[in-house]
C-alpha cells in the first residue's frame, strides 16, 4: 500500500509554536493526475501529437476517485489531510486548421474529506463541492505521423487559472509548456512521452517548499482482440529543481521522496462511432507528495477524429473537394463536391427550372433548363416524332395524316404514294401494288399459284404453278432423266425416273401396298436377308411416288408354333427392322408405323405346314391419306396402281426359309 507519510513531531513535543504552523500554506494542488480532453486522441493525462480535425468539436466528462493522497503520521498515529477525493472534470474544445486543438477543462471536486488542522487551520475540514483550477490546453502539431514514418512531434503550452480552493489550487497562474514526442503503428499501437516545465507560485506547505518543477509522463495505447477496444496506460511524475525540504519546519515531512511522486494508471478505452469511453485505475508507486494509495476513474467523451474541413458532413478522406462544401441538393451528394449544374446542360442550377434533367437543346424553349420531350404536344415523344414541330398522329409517326393514294399507308411510309397497294397479302406494307407476286410472268389474276413461280419447263406452264414432278412418279424433275414419262417401279433402275421393262413385285390399292414376294429374315431373328432388299426398295419407291399416303402400317405376323410371347416379340422386332430399312431409303419416319401382331391374325390354317407358311408374313396397310384415316370402304385415293404378274421371285423357297 503506497501512502504519503509525514513523520511529524507535534508542536508540543518539538517546542515549535503554533504560530509557525499557521504560516503553512494550503495553496497547492495535491492531485497530479490531470486528464486531458479529447480522449481517443490523447492518452489519459498524456498528450500526443494528434490534434482534432479542423472544425471538429469535442467534449467529455472524466470522473476519478483517489484515496489518501496526503497523510500525516505523528507519534505512531495517522491523520488524513486529504483522505478521499472524488473529482469530475468537464472538458470541451475544438480543432482548428488541422494543426491546433484548444480545449478548456473545468474540475469540480464533488466530494472530499480531510483535516486542515496540521496545516495551520485547527478544526477546519475540507469543503465540497468546490472548484479546482480551470485549465486551458492548446495542443499544437508540428510534425504529422504520416510524414515521418509514424513519428509525431508537438507542443502543449498549458495554462491553469487559480479558481480552486485549499489543496485544489496552485494559488497563482500556472504555465506549463510541454514537448510531445510520439510514435504510432498502422495497427493502432501508440506510445507518447511528454516533458514539461511547470512555472508556479512559491509557497511553504508545512515542511515543503513548493516551486517550479519538471513534469514528465509516458503513455501508451495498444489494441486488443476486440475491435475498437484498446488498453491505455500512463506513467508519470515530478522532478523538483531544488530540494523541497524547508529546514525551518519541524523535522517531520509531508513528502518522503523529496518531491518526486510516481504514479501508474491504466485501463480500457472503447470507441463506438465518435464516442470514447475509458475505465481504469492506478496507484502511487512511492510515498511522494500527491501519490495516492489507489485511484479509479471513468470517462466518456465525444471525439470525432475524422476530418471534415469544409463542414459538409463528408470526411476529408472521402471528400473529393475537401475545401468546398457539397451543395446537398439530392444530386451526387456523396462525393463532397458542389454541383452547380447537376444535369450538365450548361444552365446553372440557380437558373434551371429542372436542375436534375438536362435541357434537350432542340431550339424549342431551351432557356428554362427543362427538357421538352414533345414540342408539338401531340403526345408523341420527339424521339419518335418525324414532325416534332407539327402535331400529328402515331399512325403517321407524329406527322399530320397524308395518304394521297388512299391505300391506308401514310405517304411517309409509302414507297409508291401515287399508286395504291393491292392488298393481296404479299408485301402489303410498302404501299406499292404487286401485279405478279412471284414474278413468273403470269399476272396474279390468272395465276393459280400467285406466290409460287411457274417452273416454265413446257409442262402446264400456263397455270402459274410450278410442276416439280411432271410425270408424278415420285422422282423430282431435277433428278428425273425422263421427267415426262413415269418410272416403272419394278426393281430395275427405279431411281432414274424412266420406265423399264420387267414385272413389278409391288402394287398399291386404296388400302394396301401389296407385295408378290415375302420379306425374308435370318432364322429366329429380325435381320432382313439381302434377297429382300430389292422388294423393299420397290415398296420405298411406291411410297415416294405416292406422297399422299401419309401413314403406312408395317405389320409383322407369325404362325402359332412356339411361345405366344416369343412370337409377339419376334413379330414386333421384324416390323421394326422393315421400318428402319424403309427410313434408310428416304421415307420419312413419321409416315411409318411398325406393329407386331404375333400369331393373333392368321390368314390360313395353322394345323398344316402350308397354312403356317402363309401366316408368316409382313403386310403394308395404308392407315392415312393426306393426314386422314383410311377405311376399306372409303373412296379410291390412289391415282395409279402397279399390276403384278405371276411367277415373282420368292416362290419355291423352302418352308423353313420362308418362316424366318
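Every residue gets a Cβ built from N, Cα and C, even glycine.
Because TrEMBL annotations are produced automatically, they should be read as predictions rather than curated entries.
Per TrEMBL, the features are as follows:
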{"type": "COMPBIAS", "residues": "324-379", "note": "compositional bias 'Acidic residues'"}
{"type": "COMPBIAS", "residues": "405-418", "note": "compositional bias 'Basic and acidic residues'"}
{"type": "COMPBIAS", "residues": "419-444", "note": "compositional bias 'Acidic residues'"}
{"type": "COMPBIAS", "residues": "452-465", "note": "compositional bias 'Acidic residues'"}
{"type": "DOMAIN", "residues": "508-626", "note": "domain 'OmpA-like'"}
{"type": "REGION", "residues": "313-380", "note": "region 'Disordered'"}
{"type": "REGION", "residues": "405-465", "note": "region 'Disordered'"}
{"type": "SIGNAL", "residues": "1-22", "note": "signal peptide"}
Inset, instruction - Determine how many residues of the region 'Disordered' (313-380) DSSP places in helix, in strand and in coil. - result: 6 helix, 0 strand, 62 coil
Legend entry - For the domain 'OmpA-like' (508-626), the number of residues DSSP places in helix, strand and coil: 47 helix, 32 strand, 40 coil
Inset, instruction - Please give the average pLDDT for the domain 'OmpA-like' (508-626) in this predicted model. - result: 92
Inset, instruction - Determine how many residues of the compositional bias 'Basic and acidic residues' (405-418) DSSP places in helix, in strand and in coil. - result: 0 helix, 0 strand, 14 coil
